[in-house]
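Novice: Please see the structure below; I have some questions.
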Amino acid sequence: MSLPEVIILGGCVTDLSVYTPRFPVAGETLVAHQFQYGFGGKGANTAFMCSRLGLETALISKLGDDLFGQRYAKYLETAGFNADQITTEKGSSSATANITVADSGENAIAYFPGCVDLLSEADIERAESMFRSAKVFGCVFEAPMTTICRALRLAREHGVTTYVNAAPVLATSLPADCLPLIDYLCVNETEGPAVVCQIKGKPPGALSEKEMFDTLLSAGVGNVIMTQGEKGVKYAYEPSKVHAVPAVPVAKVVDTTGAGDAFNGGFIYHLVRNSQLSMHGQLWRACGIASLTVQKKGTQASFPYRYEVPEKFL
């Protein structure tokens, strides 16, 4: 394969999804009307979206040596991206996600990291040669924080733009000296306050939206993006100035699982291919790409190829 333009660090997760009329309440057994076995993981999803849009992409990840890992490894043979840095961890379980999708399209996820928790600084060091060609390094909070920080430092050493999606929120906070290594930090309405809470030691409920953006920018983050689902996206690159990008409307929301990862991939695509666009334009197009995925069931199965994306989003 060609040298990667994009490197993603994150998990390969087996998705076990059930579709239900609504979310069950505590103690309730609710009959689902469909079950779907799929391949996901926020890291892998982002890599798939980048690859399907035509970017030369590489993923750094781990699989367990169980049945889930074996099936995922077979699936990766046709992934379309560089999987050379996806290793199998002997004696370890693969990562899984138990996903409940209500008829409204909303989802709730219980994530078990398994072997993804074993991604180490040594795994990053082995992949250093890829950083020499990359334009963007993207990661999610599926790997240990020490591993994420090593990757961010390596990206900075090689002049690679960095994009971090702070999901899922970890118990371990981003070290203060790693925050200035992040060019773009993407959070949702829950993750943003949680990350700031870790930085400031302040309860999330006591934070205003402005304070969230200003705290992250003052800590050294280059640009802060907050996704808000059907309400669109807000972003800021200087204190006290928050900008809004409207969502792209869809006729019917079927399944929102993976939409944020598709957004990540869409935005990274525009960082690489359309750096001349304004940030507003890049974000709106990324929202458009994500909007295509919520109209189908599944995660990676709902991600469009470049030829399926309307030209206005490219």
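Glycine too: its Cβ is placed from the backbone N, Cα and C atoms.
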Novice: Which of these, E128, E142, does TrEMBL list as part of the substrate site with V13, T14, D15, G41, K42, G43, A44, N45, D261?
Specialist: E142
Novice: For the ATP site that TrEMBL gives with T227, Q228, G229, E230, K231, G232, G260, D261, which of N188, N274 also belongs there?
Specialist: N188
Novice: By the count of other Cβ atoms within 10 Å, pick out the sparsest of the binding-site residues T293, S302.
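Specialist: Minimum Cβ neighbour count within 10 Å, taken over the binding-site residues T293, S302, occurs at S302.
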Novice: Could you tell me which of these binding-site residues, K42, K296, has the fewest other Cβ atoms within 10 Å of its Cβ?
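Specialist: K296, out of the binding-site residues K42, K296, has the fewest neighbouring Cβ atoms within 10 Å.
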Novice: Could you check which of the binding-site residues E142, T293, K296 is the closest Cα neighbour of N188 (ATP binding site)?
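Specialist: Checking each of E142, T293, K296 against N188 (ATP binding site), the shortest Cα distance is to E142.
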Novice: What does DSSP call D15 (substrate binding site) in the simple three-state scheme?
Specialist: strand
